[in-house]
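Step one of this worksheet: look at the structure below.
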Amino acid sequence: MTDKNDALTLKKRFRGYFPVVIDVETAGFNAQTDALLEICAVTLSMDENGDLHPASTIHFHVEPFEGANLEKAALEFTGIYDPFSPLRGAVSEDHALKEIYKLVRKEQKAADCSRAIIVAHNAHFDHSFVMAASERCKLKRVPFHPFATFDTATLSGLAFGQTVLAKACKTAGMEFDNREAHSALYDTQKTAELFCTIVNQWKALGGWPLVNDDEDNNNDADLD
C-alpha cells in the first residue's frame, strides 16, 4: 500500500507527471502556419495537506515568426492589433520557450517528477502551438509529454457542467473579469486556479488518496 503522506505529493498525485498550466494567444487556428503571439505558463505545487496551488508564473509577448500568417479576425479577437509594435516588448519564440522550459525543468526536478505535462483549457490547441513552435526553434529537449494533456474544459464539464472558461470559473465560485479575458497571462492564472479547485474538491470529496492504491498501479516510469 502507498503511504498516505507519500500519496499527498505532486509526484504521486499525477503518476510522476509535473503539471504546468499553459495558455497561448495566436493569430489563427493553424499551429503550423499562424503566429504565436503570447504565451504564459504557471507551475503548480502541493502543500503538506495534499492541496494544489499555483506556484510560479512566467509570461511573454512573442514576435511572429518569419512568414507567419496573421488572421485579421484572430487579431481582433485577442486585441493584438499590431503584432509588430515595439510597445508589446515581444521576444522571439526561441527566447520565450527556452526561458519557460528552464523554469519547468527546475521545478519539475525539485518535485521529483519524471516529466512535465501541459494543463490547458481546450488543451489540444495550446499543446499544438507549443509543439509547433518548439519544432520551428529546433528545441530537442521539450519537457512536455508529446501528446498527453490535462484539459480543464473536459474536467470542468464533468465537475461543474460548464466548458467555457468564464462560466466554469464562476460556477466554481471564482471571480472572472471578462474584460481581462484573452490575455494569456490572465487566462493562464484563471485556468490554474480552476484546475487546482477541481483537484482539491475531488480530494475533499474523498476521491484521493485511493483506498486500494498499490505500487503495481503507480509505476512512475511508465509515462505513456
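Each residue, glycine too, has its Cβ placed from N, Cα and C.
Since we're looking at a predicted model, the values are computed, not measured.
Feature annotations, courtesy of Swiss-Prot:
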- 20-195: domain 'Exonuclease' (DOMAIN)
- ASP23, GLU25, HIS182, ASP187: Mg(2+) 2 binding site (BINDING)
- ASP23: Mg(2+) 1 binding site (BINDING)
- PHE29: site 'Important for substrate binding and specificity' (SITE)
- PHE77: site 'Important for substrate binding and specificity' (SITE)
- PHE125: site 'Important for substrate binding and specificity' (SITE)
- PHE147: site 'Important for substrate binding and specificity' (SITE)
- HIS182: active site, proton donor/acceptor (ACT_SITE)
Worksheet entry | For the Mg(2+) 2 site built from ASP23, GLU25, HIS182, ASP187, further residues of that chain with CB within 8 A of the site's CB center | VAL24, GLU38, CYS40, THR78, ALA181, SER183, ALA184, LEU185, TYR186, THR188
Worksheet item: So which recorded sites out of PHE29, PHE77, PHE125, PHE147 end up within 10 angstroms of HIS182 (Mg(2+) 2 binding site), measuring C-alpha to C-alpha?
Response: PHE77
Practice prompt. Would you mind reading off the Cα separation of ASP23 (Mg(2+) 2 binding site) from PHE147 (site 'Important for substrate binding and specificity'), to the nearest angstrom?
Written response: 16
Worksheet item: What is the number of other Cβ atoms found within 10 Å of the Cβ of PHE77 (site 'Important for substrate binding and specificity')?
Response: 13
Item to complete: Give the number of CB atoms, excluding that of PHE125 (site 'Important for substrate binding and specificity') itself, located within 10 Å of its CB.
Response: 17
Response to the item:
Sparsest Cβ environment (other Cβ within 10 Å) among recorded positions GLU25, PHE147, HIS182, ASP187 belongs to PHE147
Item to complete: Tell me, in order along the sequence, which recorded sites from PHE29, PHE77, PHE125, PHE147 have their CA within 10 Å of ASP187 (Mg(2+) 2 binding site).
Response: none
Fill in: From recorded positions GLU25, PHE29, PHE77, PHE125, the one whose Cα lies nearest PHE147 (site 'Important for substrate binding and specificity')
PHE125
Fill in: Largest tally of Cβ atoms lying within 10 Å of a Cβ, found at which of the recorded positions ASP23, PHE29
ASP23
Fill in: Cα-to-Cα gap, PHE77 (site 'Important for substrate binding and specificity') vs GLU25 (Mg(2+) 2 binding site), nearest whole Å
10
Practice prompt. Sort PHE29 (site 'Important for substrate binding and specificity') into helix, strand or coil using the DSSP assignment.
Written response: coil
Discussion item. Between PHE29 (site 'Important for substrate binding and specificity') and PHE125 (site 'Important for substrate binding and specificity'), how many Å separate their Cα atoms?
Written reply: 8
Worksheet entry | PHE125 (site 'Important for substrate binding and specificity') and GLU25 (Mg(2+) 2 binding site), distance between Cα atoms, whole Å | 10
